[in-house]
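Asks: Got a structure here, written out as structure tokens. Questions coming.
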Amino acid sequence: MQYSFKKVFGVNTSQVELFEDVAKPLVDDLIHSKNGLLFTYGVTGSGKTFTMTGSPGEGGLLPRSLDMLFNSISPFQAKRFVFKPDDKNGMEIQDTVEALLERQKRDSQQPNVPKTPSSRQKADPEFADMISAEEACKSDGVDEDCCYSVFVSYIEIYNNYIYDLLEEAPFDPIRPKPPQSKLLREDQNHNMYVAGCTEVEVKSTEEAFKVLWKGQKKRRIANTTLNRESSRSHSVFTLKLAQAPLDADGDHILQVSRCSIAL
């Protein structure tokens, strides 16, 4: 059996170098309306988690991809709930009143925690300070006549079953129940998607980290309490970018399009 490789990275390759070659082009394509897939494969202990997630001071491909994405589109983000997943692998545009009502509902359900400049340092230590300011980058040529929103989803594939790691469901540590598996479906454009998968709108790298950590924590708990073999489990973290051009006045969204990177 023979294999061919486009590039082989040595053991001394830094996280920055790997990102520049492997993930940065995918994020750039995403911002320019192209889908992407980054797939890591290897035996247990081969370094997949470190490559994808990294550690404080050595952020991996995922945090660097998020950082680049938000650095690029931050000035042009739509307000929360303007875009809304339609549960059929597409996006809907809500009017100003509908979006405002959903924001008010969300704010009323969240604890009133004051925002401080040190909030980043108080983030979970696994994701705090992964990327230095000197290593930050962004994509060139972002369409400033469009508005953008980022949605993330996180699934686990175990024994050919698909589980939603972001699904809000009560968890009983005494009598744990196996989570309900999801089904693959085909949308109107013949693209496959996970039906009923939770998609969370995020407005910053830090917010996306929190969602990722929530899913990883749920995955670890499930593997422990349900006696699952983590080596047989595969996870997919998807970044979906919704993009829509604005009218001549820059006030109203005309038509939405979306693309994604699966990591």
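Glycine is treated like the rest: Cβ placed from N, Cα and C.
Predicted automatically and left uncurated, TrEMBL annotations should be read as such.
The ATP binding site annotation in TrEMBL covers G42, V43, T44, G45, S46, G47, K48, T49. The feature compositional bias 'Polar residues' is assigned by TrEMBL to 109-120. The domain 'Kinesin motor' annotation in TrEMBL covers 1-263. TrEMBL lists 102-125 with the feature region 'Disordered'.
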Asks: Under DSSP, is S46 (ATP binding site) helix, strand or coil?
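Replies: Coil, per DSSP.
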Asks: Please give me the CB contact count at 10 A for K48 (ATP binding site), counting all chains in the structure.
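Replies: So the number of other Cβ atoms within 10 Å of K48 (ATP binding site) is 14.
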Asks: Please give me the CB contact count at 10 A for G42 (ATP binding site), counting all chains in the structure.
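Replies: Excluding its own Cβ, G42 (ATP binding site) sees 9 Cβ atoms within 10 Å.
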Asks: How many other Cβ atoms sit within 10 Å of the Cβ of G47 (ATP binding site)?
Replies: 12
